[in-house]
Amino acid sequence: MYEWINALPKAELHLHLEGTLEPELLFALAERNGVALPWADVETLRKAYAFNNLQEFLDLYYAGANVLRSEQDFYDLTWAYLQKCKAQGVVHVEPFFDPQTHTDRGIPFEVVINGIQAALRDGEKQLGISHGLILSFLRHLSEEEAFRTLEQAMPFRDAFIAVGLDSSEVGHPPRKFQRVFDKARAEGFRAVAHAGEEGPPEYIWEALDLLKVERIDHGVRAAEDPELMRRIIDEQIPLTVCPLSNIKLCVFGHMREHNILDMLEQGVKVTVNSDDPAYFGGYVAENFQALHDHLGMTEAQARKLAQNSMDARMV
Ligand code: ADE
Ligand code: ZN
C-alpha cells in the first residue's frame, strides 16, 4: 500500500513551512546561528511533542522557529521539505509561511521570502515540483498588524498566490480580518483560511461569506452543521484536511473516529495534507497510510482523495 500511495500524483495544499522543521535541522541551525536551545538534544525535543490542544503545539512551534535566521536557513528548510515531496509523489505544493513569526523577531521580510522562493524555484527546476506560495496572517495578532504585513509583502507581490489565516483559532474569528482580506483580494491575492479545526462551524461560514475564501483549511467541524455541509457539497468547496494533525492536537480522540472518509462519501471535496509534518509524525504519504490502517481507506478512495487535491490547486 505504501509504495502505491507514493506513486499516486498528489498536491499538498495545507502545509506550514515552519512546521517542516525536523528536530535534526532545528539543532543544526541553532548551532550554525549560535542560538541557545531549552532542550538538551534531539531526543528530548521529540519527547516534548505531546500536545493536548492547538495552543500547546503552537507554543513549541513558535519557539522552534526561533532558529531560522538567514536566507540560507529558509532555503534549507524549504528544500528539505521539497525532497520529501519528491519521494512521496507530491507533484505540486501550495505551502503557507507566517511572515510575522519572523519579522516580529527582527528578521527582514526579504530574508524570509528570498530563501523560500529560491528553494521553490530550484524545486521546480530540479525536482519538477510546481508551487504557489500562501502568505498567512497570525490570527492571535491584530488586524492592524496583518495590514502592516500585507504592506511589507507588496514589493514581492508576484511571489504569492493567496493570503491565509492561521494560529490560535478560538476567540479569533474570521470576521476580525474581514478588512485586510478585502484589501488583499483587491490587490489580486486569492484567499484561504483555517476554520473549523477547533473553532465552531460559524467560523467556516464567516470564512466563506466574509473573507470569501476558496478553500477551508481543516473544516472538519463542518460535519456538525447540516446546512453548511449542503453548501460545501453543492459548491464543491475544498477542505484541506490533516488527519495526523487532528489526532496529535486532540481534535479527534483516535484516527478511527476521524470523519474524512465519511465526508468523502457524502460528496465533500476533501483532500489529505500534513499541516506540520515534523511535529505530527508524518508527511502526506504517512497521512494516507494512517487512513488505510485505521479507517480502511480503499484504493478507490485514495485515488479520489489524490484527484481532489489536484483539482483543488489554485495554480
Ligand atoms: N499553524 C501551524 N499549524 C497550524 C494549525 N494546525 N492550526 C492553526 N495554525 C497553525
Ligand atoms: Zn494548518
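A Cβ is built for glycine as well, from the same backbone N, Cα and C atoms used for every other residue.
For the Zn(2+) site that TrEMBL gives as His14, His16, Asp275, the extra residue drawn from His92, His194, His254 is His194.
Using the Cβ center of His14, His16, His194, Asp275 for Zn(2+), the list of other same-chain residues with Cβ within 8 Å runs, in sequence order, Leu15, Gly19, Phe96, Asp166, Asp217, His218, Thr240, Cys242, Ser245, Asn273, Asp276.
When the recorded positions Glu197, His218, Asp275, Asp276 are checked against ligand 2, Asp275 have a Cβ within less than 6 Å of one of its atoms. Applying an 8 A CB threshold to same-chain residues 6+ apart, the list for His194 (Zn(2+) binding site) reads Arg139, Gly164, Leu165, Asp166, Glu169, Asp217, His218. Between the CA atoms of Glu197 (active site, proton donor) and Asp276 (substrate binding site) there is a gap of 14 Å, rounded to the nearest whole number. In terms of local Cβ density within 10 Å, His14 ranks first among the recorded positions His14, His16, His218.
It is Asp275 that, of the recorded positions Glu197, Asp275, Asp276, has its Cβ surrounded by the most other Cβ atoms within 10 Å. Cα of His14 (Zn(2+) binding site) to Cα of Asp276 (substrate binding site): a span of 9 Å.
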